[in-house]
2 protein chains.
Amino acid sequence: MAPLKSWLSIPPDSDFSLSNIPFGIINSKNNPSEKRPAIAIGNHVLDLKAFSKANGFSGLPSLKDPLTVFSQPTLNAFAALGQQTHNAVRTYIQDIFSESTSNPQILKDNASLQKEALLPKHETKTHLPMQIGDYTDFYAGKNHAFNVGSMFRDPANALQPNYTHLPVAYHGRASSVVISGTSIRRPHGQILLDKTASPPQPTLTPTRALDIELELGCFLCTTSPLGTPIPIGPAAASSIFGFVLLNDWSARDIQTWEYVPLGPFTAKNFATSVSAWVVLPSALQGFRVQKLQNSTDVLPYLREESDDSVYDIQLEVDLTTPEGDTTNISRVSARHLLWSFPQMVAHHSVGGCAMNVGDLLGSGTISGASGGGGDLGSLLEACQGGKKEIMLKGMDVRKYLKDGDTITIRGVCGEDGARVGFGECVGTIESAIQL
Amino acid sequence: MAPLKSWLSIPPDSDFSLSNIPFGIINSKNNPSEKRPAIAIGNHVLDLKAFSKANGFSGLPSLKDPLTVFSQPTLNAFAALGQQTHNAVRTYIQDIFSESTSNPQILKDNASLQKEALLPKHETKTHLPMQIGDYTDFYAGKNHAFNVGSMFRDPANALQPNYTHLPVAYHGRASSVVISGTSIRRPHGQILLDKTASPPQPTLTPTRALDIELELGCFLCTTSPLGTPIPIGPAAASSIFGFVLLNDWSARDIQTWEYVPLGPFTAKNFATSVSAWVVLPSALQGFRVQKLQNSTDVLPYLREESDDSVYDIQLEVDLTTPEGDTTNISRVSARHLLWSFPQMVAHHSVGGCAMNVGDLLGSGTISGASGGGGDLGSLLEACQGGKKEIMLKGMDVRKYLKDGDTITIRGVCGEDGARVGFGECVGTIESAIQL
């Protein structure tokens, strides 16, 4: 398919081509006090509140009361309208921006609305796109689970017996989810310096093993009451609003000591970063690929009609040292999942757990199958639990993150001129506070 | 201290004496469409919106704009005002209702306001008292942790090495917290019928091991930004709004199969019940007792000035069969905790986790030290993992709950005429849906 052409100048390598149209929340130089919805396009954003106010949606009568929906400080109200509406709005905006638009009077030939609503991206700031009800982090990256299991047990018993039967997950902390660009404060916690001491003598200290987890995040757009599972198939698929990049920052030394028997807690709840622009499933439709093959014949409530339910998104992770040297430390496709998001939704709700608009699901850490380096989603795997240094530019090395390090995650599908990308998910490590 | 006397007729065995004054959210026969704050007193509730509207708080000028605060459908706005205000309001209401009130014109001699704002409790319905941001369930009931650890490992290694060093917890699911009286739908989930089969063959089925967890819940009233721990001492103590009874319903067969390695998930996220009336710390002040002694010298960030930081609340659990026979299955004091709520707050936030007004913390299951029966907080312990029947009235027995069973938890401190109680936390098991 030839790239869609726009009357707006969009750099060919932009994540936000006319094929994308992701949604986010901004404020701007010309209106700093008001958070409001927008879409990203090339080096611009379209302020959907200003656009609605000027009757920009007059060509889309099926969208009722756009000004109310797009005057909210989060995307929850828009998300709650359902996928059919999301797709109608995306298609309408694609038309408004296309060279051969059927509605040139709306924006193409309307210099005053362009001035008011089409803002240079560098004059805007992004915020958390959704009010998050609950946040759940899955563990669907099978290569990651295998690598970690091999390290802590042995390769023959790397995966727990339940792993191929159900998408393992833990409840995360919604209050700790932050927007890309937020600095990450190195957390204190209990760690065991001497693992052989008896009785154990934990120390309260800033973590020495601050790690990343390269994940895809998924925001939900449906509300299901308590006691009502969301079945696999159309119901689970249509519960998905869209996707973001997600970094579930982790303190490995705290985690090792605290996680038995109820799972990770303070090792994770100090911060989780998400990228700003929510990419709709319809924008990713052409990049569906088969998920990892499951040797287990899963129970019917998790069985999908077709296995092409994950996306071939090219993810990459850069580490920039405080001195400014940037090294790419991972490149891997988001296809390396054993479970798709519709399967996660079906499992999450099978016992009747209430799901809400704005709930966030993390995929779990995504690592490639190389077994070696270059395609791993965590430093834990890359440094083999602390046994190995990772080489960086600037004659530097790392096992885990140092103060002042910046992690930048990117994700993109497709070719120049028609790229569907996520922008960046960035965080810089700040030194621990004095306790 | 002699009981406070009221001009209102309060039954001497009421949980809601003049010494209590707990806060909740109601609607009523005379105003069914509006959820609003109230306090419980004897067999009545005082509608705080109607009371504010009629200038009932005119004798408490330090309380700014009571009508706005008490026109909300949750207690979050009131909670956010802080303990000093909560205590001032409680003391003021105690005065308004006392026989020798200094403000008789406000309510005692004001028949029309009594008619409007002082509602018979049976004409009102209670709702979730707070909008819950995040829900965390701790594991501070040491006897429970010991009993369960003994069952799954052995008594010599019952407690994990970290148990006496930090309050173990997992993040729960805020969307699954329901108000007392809500029916509990038996959840489906994956269970292993044959634990020896290789490879394992899980089945999707309604749980056969539906259990209770007898807990105290604690709502928070302060907001701490990400990266900012709440230190033990006055800061942690003043972050507590108040307490409720909590039943963290659990499906043991689902839990056993799913919980490795990241903790419980669908085994817990189908429902957690809380009682309706939030009892303030000031009402419980006279019932402080020493928590369980910790053999470990805990790290300074968890060290309290004094150990009397838990409460001697008499908890009890009744099981009523579908045939209507009620058996008391547990009586135990809430003092059986190794960690206090201020310690939980300090640990929860030590890595910088953001805490919010309305967050809910569960204590973990509270069991006594008998080692036998009659004081256990879960059926798992009472039936010894399924080995033993629990005798019920009506010539019946149970291991776990059957459809139609009702669990009623009560909790109370103090003597007749001055009781500080929680009312009930009730749930009846409904049969599983057809999948």
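Heads up, the Cβ atoms here are built off N, Cα and C, so glycines get one too.
Nobody curates TrEMBL annotations by hand; they come from automatic prediction.
Worth saying up front: this structure is predicted, and the values here are computed from it rather than measured.
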Look at the Ca(2+) binding annotation in TrEMBL, where B:D137, B:E213, B:E215 are given, and name the residue from B:D109, B:D154, B:D194, B:D248 listed for that site too.
B:D248
Give me the sequence-ordered set of same-chain residues, not including B:D248, B:K268, B:T272, with a C-beta within 8 angstroms of the centroid of the Mg(2+) site's C-beta atoms.
B:D137, B:G172, B:R173, B:S176, B:E213, B:N247, B:W249, B:S250, B:N269, B:A271, B:G362
Using a Cβ-Cβ cut-off below 8 Å, which of the recorded positions B:Y139, B:H144, B:Q255 are near chain A?
B:Y139
Spatially closest candidate among B:H144, B:Q255, B:Y259, B:T272, B:T365, the listed recorded positions, to B:E213 (Ca(2+) binding site) (Cα to Cα):
B:T365
Check the DSSP secondary structure of B:Y139 (substrate binding site), expressed as helix, strand or coil.
coil
Neighbour-count leader, CB within 10 A, binding-site residues: B:D137, B:E213:
B:D137
For the Ca(2+) site given as B:D137, B:E213, B:E215, B:D248, which other residues of the same chain have their Cβ within 8 Å of the site's Cβ centre?
B:L214, B:L246, B:N247, B:S250, B:T272, B:G362, B:S363, B:G364, B:T365
Between the Cα atoms of B:E215 (Ca(2+) binding site) and B:T272 (Mg(2+) binding site), find the distance and write it as a whole number of Å.
10
According to DSSP, does B:Y259 (substrate binding site) sit in a helix, a strand, or coil?
coil
Within 10 Å of B:K268 (Mg(2+) binding site) (Cα-Cα), which of the recorded positions B:Y139, B:H144, B:R153, B:D248, B:T365?
B:D248
Near the Cβ of B:Y139 (substrate binding site), how many other Cβ atoms are there if near means within 10 Å?
22
